[in-house]
Amino acid sequence: MMYSELLTYLSNKGIRQPELGLVLGSGLGDLADEIEDAVIIPYEAIPNFPVSTVEGHEGKLVYGNLSGKRVIALKGRFHYYEGYELADVTYPIRLFKELGVSSIILTNAAGGVSQDFQPGDIMVITDHINLTGNNPLIGPNVHQQGPRFVDLTETYSKRGIDLLKQIAQAEDIDLKEGVYTWMTGPSYETPAEIRMIQRIGGDAVGMSTVPEAIVAKHAGMEVIGISCITNLAAGLQSALNHEEVIEISQQVKPKFKHLLRQLISQL
Ligand code: HPA
């Protein structure tokens, strides 16, 4: 895993010492367009970078100022279901670490499993369940970033969770909290799988975020995860489709962006 060439390339483009990493999920990429004094690089132009293929996911690295912080954002992420190795899915996270990022905010669209959730809700991720049977740390350990065996007792920073709850209260945003369950996709879950997830303690389900969170934690970064609940999970509503996921995330976007901007300014 060689970063030096890439770090030089990014440095030559003006990307230096971002404080915060942002990963913007399905339909939530707009926030990257609000980054000021932006350096924008399409993934195709970045040496060694995978290329995103999903509809609704633009592939751009955006660096600049947002809510008073120097941020680096992935507008569009890489998913396991696209056929990438998990090492590729999490490559940008390792890159963020090499650039000096200490905190990372991961966002996604997810299906609501908890009976308390409605489409349009925002959920702060308190923990996760990995139902894929895969792990991005399988393989030789990346010693330069972290240890072989990683403690996931506090994957999602308590500071971040508390701060988000505090902001939501002050801004009168109804913020849910819960456990995110990672399934590979690309098929949505079956109703029986959703009943299983309910029983084992999952509150939301989605096809991303967990590999990035594990790798960020391995690399010693603070992780904050936020889900936009775009639909009720399979069996809890009549049918599921990607158009609805995009449509609801578009509707939630103003609230979502406001919450994120407040969070970024206060981190
Ligand atoms: N399941 C999995 N991933 C998702 C869902 C869902 O219901 N909604 C948005 N992403």
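The first residue you see is number 1, and the count goes up from there.
In case you wondered, yes, glycine gets a Cβ from its N, Cα and C as well.
Remember, it's a predicted structure, so these values are computed and weren't measured experimentally.
Marked as phosphate binding site by TrEMBL: Ser26, His57, Arg77, Phe78, His79, Ala109, Ser208. The annotation purine D-ribonucleoside binding site is assigned in TrEMBL to Glu189, Asn231. According to TrEMBL, the domain 'Nucleoside phosphorylase' annotation covers 20-264.
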**Request:** From the binding-site residues listed here (Ser26, Arg77, His79, Ala109, Ser208), select those whose CB sits under 6 A from an atom of ligand 1.
**Result:** Ala109
**Request:** Calculate the distance in Å between the alpha carbons (Cα) of Phe78 (phosphate binding site) and Asn231 (purine D-ribonucleoside binding site), and round it to a whole number.
**Result:** 22
**Asked** Hey, how far is Asn231 (purine D-ribonucleoside binding site) from His79 (phosphate binding site), Cα to Cα, in Å?
**Response** 19
**Prompt:** Tell me, what is the mean pLDDT of the domain 'Nucleoside phosphorylase' (20-264)?
**Reply:** 93
**Asked** When you tally the Cβ atoms that lie within 10 Å of each candidate's Cβ, which of the binding-site residues (Arg77, His79) has the highest tally?
**Response** Arg77
**Message:** Measuring Cα to Cα, how many Å separate Ser208 (phosphate binding site) from Glu189 (purine D-ribonucleoside binding site)?
**Reply:** 14
